[in-house]
Amino acid sequence: MPILNRRSFIKAAGVLGASTALPVNLARAADKPVTVGFIYVGAKDDFGYNQAHAEAAAIIKGLPNVTVIEEENVPETVAVQRSMEAMIRQDGAQLIFPTSFGYFDPHVIKVARKYPEVRFAHCGGLWQKGVHPDNAGSFFGYIDEGQYLNGVVAGHMSKSKKLGFVAAKPIPQVLRNLNAFTLGARSVDPEITTTVIFTGDWSLPVKEAEAANSLIDQGCDVLTCHVDGPKVLVETAEKRGVMTCGYHASQAALAPKGYLTGAEWNWETPYRAHVMALQSGAPMNNFMRGGLKEGFVKTSPYGSAVSDAAKAAADAVKASMLKSELSIFTGPIRNNTGEVMVAEGTVLTQTDVVLERMDYLVEGVRGQI
Amino acid sequence: MSIRIPPVAARGLALGLPALPTVLAVATTVVLFSVFLWAREIPVLEAGALIYQGAFGSTFSWENTLLRAAPLMLTALCVALPARAGLIIIGGEGALVLGGLAAAVTPLWLPALPASLMWVAMAAAAMAVGGFWIGLSGWMRQRRGVNETIGSLLLSYIALAVFRHLVEGPLRDPASLNKPSTAPLPDAYSVGVISDTFYVHWGLVAGVVVCLLAHVLVRHSVSGFAFSIVGGNVRAARMLGLPVNRLVLVTCALGGAAAGLAGMFEVAAVQGSANAALIAGYGTSGILVAFAARHNPLAIIVCAILLGGVEASGSLLQRRLGLPDATTLILEGVLFVNLLAWEALNGRVLHWRIHWRERGRAPAEGVVQHG
């Protein structure tokens, strides 16, 4: 029989106090206490992909009856399998968010099969019904909408009409962002071009700095990127007096002068949905996707440098995206060698699977895959 | 001064002495790390208890530790074997990833075979490629005078670049859209766990067996003796007429083969295909293990388990105390610096060892006069 010690007394008193003070909590008091685990592939404060996840996890930490446990810098090896198992066996986690794309196959699948009573909500959109276990699932956001808006703002602000993009690998997700950014900018002025440099991997700070410098030397005056941590790029650009658009999380603090806006994840939305389903005992939603409208992605507040005209234009585009009136990939779209990729009259909506296999650079992108 | 030491104890001391620098290094690390935790206002005893619990506190922790230790045993041999012949090779990461790639493509290029035959073929391919890659460093040193430490490091970068190019280009499975990988290994060929109650893949057994074989090779074989002559004094080795170049190449090739085998198990038991996740730093951690073990293959088993334990416990430290992952890195860093610092004791250890061994051999004397 455990004796009520001081710590648990304080905890109980705290919960009691909080629930009487806040009526909202009373309604939630019926929710089961749950333990939720978050696993990140990099550092929680990387100003990028992992920070976007950690910021949302911090919000989940504040929910009543939810205990959050976290691990950072977990590589996509047997380490992540063991971290997931340890969360389950040592901490009693009932829901795990393995947040890196590369965790899913084979790691999440393997562990999910071994622990059918635990839920695994993977970030990346790879789950398929019938193929993968039912206690696993994926969620992902259409962040190309944010990159399109980045492009609109960059298109207004650029004087040289040359934009720069530092990309990790020429894979569909990255190309979709790069193309959306370019299409957004060229919707402002079709003369605009985007120069792309691929670094080869998700986190190569030295190469990213070299790429940023090289793009600036070539005359690009607005930079953005798709790498895990945009910190180096944003800092390099700020130092050299060049503007930037952010990615993953807000990098505004790193570039008070040149930061225009940014495409950010808003993982709070899917996280909350999964945690609430677990607490209420509802079945797991295995496949969740959304863009700006569904609250899966958001944009950084405009920086001080952004002109009123740019703000007005971007706000208008955003409003039509929120009303689902604007599709980014609307034909005709040519690749940068002149071939028609999306025919005139064809509108690819976000759910279209063709977009998930994107393997070309749109007209206006300087570079090759 | 006269000391009464029974000969058995003297022999024991002589045997245990080589471990002295490592033991002192571990002890100093514990002290320094405790000071660090204390300075950061982290409960030292609780953290210590968690490190123990996370690394060795339960069957689950042991599985966790051993799983992490398995590849390190093999990558440590990639440093330790060439070190017998006096080389410092630090490019094991490259041999591991290329070995893994070779293992991943072997089933694609061979007709269907029974699983055991296929594993042999995959291991052979991985070891051949890994052995060739580290062999290159040895060859460059012997034939072209290129420093093998720098040579193997640069070759490792080249290996990673070649690996990425092949996995994301010619050898990519078109179905692997956003995580470029080679075609997945058929389930029949994947290497499983030892048992459901001991959830560790067979790579651990391979690691231990290869370390034991390496021990026999370096301690109880003529070649092993020749390696240490080359490592001890290359001029003497040449005067004795030993084929120095060939011996150096052999140690490099064997070391590289061990790292390649680690890559094969990463592909067959963990990843299921070759992709960038293979580049996980096992090759670099292997350097730490090899130095900690003083390039002794038996000690490598122990040190790999120790390092695997540190890494396994980092996971618990993060969850229970909210410490950043860097805490584990600091622990590893302090450990490595201490190992190198206490290495300076080695000359004396050798002296003491001869001394105690002699006492162990003189059972009649009982009381030994000294000084």
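Just so you know, glycine gets a Cβ as well, placed from its N, Cα and C.
Under the heading transmembrane segment, TrEMBL lists B:12-39 (among others). Counting residues 6+ beyond its ends, the transmembrane segment (B:12-39) has Cβ neighbours under 8 Å at 47-48, 292-294, 296, 299, 303, 306, 330-331, 334-335, 338-339, 341-343, 345-346, 349, 352-354, 356-357, 360 in the same chain.
Annotation source TrEMBL lists transmembrane segment at B:90-110 (among others). Long-range contacts of the transmembrane segment (B:90-110) within its own chain (CB-CB distance under 8 A, at least 6 residues past either end) are made by residues 71, 75, 78-79, 118, 121-123, 125-131, 133-134, 137, 149, 151-160, 162-163, 166-167, 171, 182-183, 185-186, 189, 255-256, 259-264, 266-268, 271, 273-274, 278-279, 281-284, 286-287.
Feature annotation from TrEMBL assigns transmembrane segment to B:116-136 (among others).
Among the features that TrEMBL reports, transmembrane segment is placed at B:148-167 (among others).
The annotation transmembrane segment is assigned in TrEMBL to B:199-218 (among others).
Taken from TrEMBL, the feature transmembrane segment applies to B:247-268 (among others). Proximity of distant same-chain residues to the transmembrane segment (B:247-268), defined by a Cβ-Cβ separation under 8 Å and at least 6 residues beyond the stretch ends, is recorded for 70-71, 74-75, 77-82, 84-87, 89, 92-93, 95-104, 119, 122-123, 125-135, 137-139, 141-142, 148, 185, 189-191, 201-203, 206-207, 210, 214, 217, 223, 226-227, 230, 237, 274, 278, 280, 282-283, 286.
What TrEMBL lists as transmembrane segment is B:274-291 (among others).
Feature annotation from TrEMBL assigns transmembrane segment to B:298-317 (among others). Distant neighbours of the transmembrane segment (B:298-317): 19, 22, 26, 47, 50-56, 61, 64-70, 72-73, 76-77, 80, 207-208, 211-212, 215, 285, 288-290, 292, 323, 325, 327-328, 331-332, 335; these residues of the same chain sit at least 6 beyond its ends, with a Cβ under 8 Å from one of its Cβ atoms.
Summarising the annotation, TrEMBL assigns transmembrane segment to B:329-351 (among others).
For the transmembrane segment (B:148-167), the neighbouring stretch richest in Cβ pairs under 8 Å, chosen from B:116-136, B:199-218, B:274-291, B:329-351, is B:274-291.
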